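Asks: Sharing a structure with you now.
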């Protein structure tokens with residue numbers, strides 16, 4: 001257990017180093033891209049990219065199945081089964097590439113030609129970017145089997161280093177836009193495609209060298225039963241994935257139809273920040289998720305419960321630490337960051353960050369249910385709850401509501417989804433709701449209320465100067481850190497944290 005804890009700590013450190021680099025580069029990259037492409041082209045890329053994302057739902061469902069089965073086999077220490085699982089994952093990847101191509105060149109083109117709302121002079125560029133983005137999506141799909149293997153084996157150092165390299169590629173692409181010999185939007189999409197191809201090659205080389213199940217892919221046996229089982233798991237995951245993509249793309253399309261590409265740009269920026277902030281939560285859960293699955297495979301449920309508690313609580317604490325200072329200074333941060341801030345951006349940003357904080361609480365329950373393999377009921381109810389967002393948003397838009405209403409509805413539906421995940425997830429893994437309340441809800445509610453009150457009070461220090469803004473951020477983070485330590489952590493967690501800090505100081 002001690003070695004597992006050390007491994008988790010090491011992996012978490014690597015993932016947070018990765019996150020800081022990726023986040024910093026992401027912020028600068030968005031600013032450069034928005035400046036070099038312009039608000040309108042940025043909005044076009046956002047809406048076209050979301051259409052392609054609609055057809056990548058198969059990719060996400062496949063990754064979930066790959067990750068679960070690979071981690072489960074590693075937890076069981078069954079190398080023969082591990083090889084068969086990777087072979088099945090690769091076969092499914094290839095089948096999904098063909099499916100994405102078919103869907104993208106039929107339904108996707110139908111929407112592009114009949115419903116896409118772009119200026120006439122940008123029509124040709126939009127069509128070309130769509131085709132390039134479709135190929136990029138197919139390349140990313142082929143990467144997923146190797147990515148899942150790296151995460152399941154918990155090789156977070158390679159994952160972090162590759163992300164550093166990918167960040168360098170992205171900021172280089174953003175800078176190179178101004179030197180484009182062709183249309184800038186087309187040039188940008190083309191370089192993103194090249195970047196995805198490079199990442200696939202690097203994943204392939206690393207996995208080939210380090211994981212035996214990838215070395216003899218052609219000779220590994222195929223188990224029809226396992227293939228069907230993985231596809232069945234993917235199928236139930238697919239429903240929720242489709243719901244996620246439909247909600248994301250549906251909101252984008254409704255904004256595009258009822259408003260304009262400039263409002264799409266505002267949403268794109270808000271979602272970009274949300275994605276960057278969510279990486280703080282994602283890093284912790286990426287480190288913990290393989291262990292949750294492996295502990296279930298090893299029939300060590302008590303330790304799995306502890307991992308679930310820690311993942312839920314600290315995911316929320318991390319998101320609060322980052323999101324609250326941003327929410328109470330959204331206008332200043334956006335004006336400091338961007339050359340031109342599209343209308344509605346700050347309001348959109350606040351809503352998506354609140355939804356992000358709420359959503360992070362329930363993700364460990366998704367992993368735990370996935371580990372059991374009993375996901376049909378769970379995924380069906382969660383998927384239906386998510387899909388309610390679309391008709392509700394459309395209904396309110398028909399009534400003449402403004403764009404902010406979409407994000408308020410999205411946030412309310414997120415609360416319903418989280419409640420559903422936790423209730424059904426706890427029952428699936430035989431975890432009493434009383435324990436969920438004591439170990440997760442109670443500390444999170446106390447910490448959230450205190451943090452909001454204190455950060456709101458500190459926010460009155462702001463006077464739109466950078467030095468005061470930095471002081472506001474430092475005071476906010478320090479205050480919230482103290483609240484989390486005093487109110488949000490149990491005795492064992494406090495002892496572990498103090499011990500880790502003491503150990504680091506002694507080493508120095």
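Keep in mind that glycine also has a Cβ here, set from the backbone N, Cα and C atoms.
TrEMBL labels come from automatic prediction, so no person has curated them.
Residues or ranges marked as transmembrane segment by TrEMBL: 12-33, 45-67, 88-113, 128-147, 159-179, 185-206, 314-338, 344-366, 378-399, 405-424, 436-460, 466-491.
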Asks: Hey, would you say the transmembrane segment (128-147) packs against the transmembrane segment (185-206), going by three or more CB pairs under 8 A that are 6+ residues apart?
Replies: yes
Asks: Would you say the transmembrane segment (466-491) and the transmembrane segment (314-338) are in contact under the rule of three or more C-beta pairs closer than 8 Å, pairs 6 or more apart in sequence?
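Replies: Contact confirmed: at least 3 Cβ pairs fall under 8 Å.
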Asks: Using a Cβ cut-off under 8 Å, which residues of the same chain at least 6 positions beyond either end of the transmembrane segment (378-399) come close to it?
Replies: 236-237, 239-240, 242-244, 246-247, 250-251, 254, 258, 369, 405-406, 409-410, 413, 416-417, 420-421, 424-425, 428
Asks: Going through 185-206, 405-424, 436-460 one by one, which has the most CB pairs that fall under 8 Å from the transmembrane segment (344-366)?
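Replies: Checked against 185-206, 405-424, 436-460; highest Cβ contact count belongs to 405-424.
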Asks: Residue list, the transmembrane segment (436-460) vs rest of chain: Cβ under 8 Å, 6 or more residues beyond ends.
Replies: 309, 312-313, 316-317, 320, 324-325, 328-329, 361, 422, 426, 472, 475-476, 479-480, 483-484, 487-490
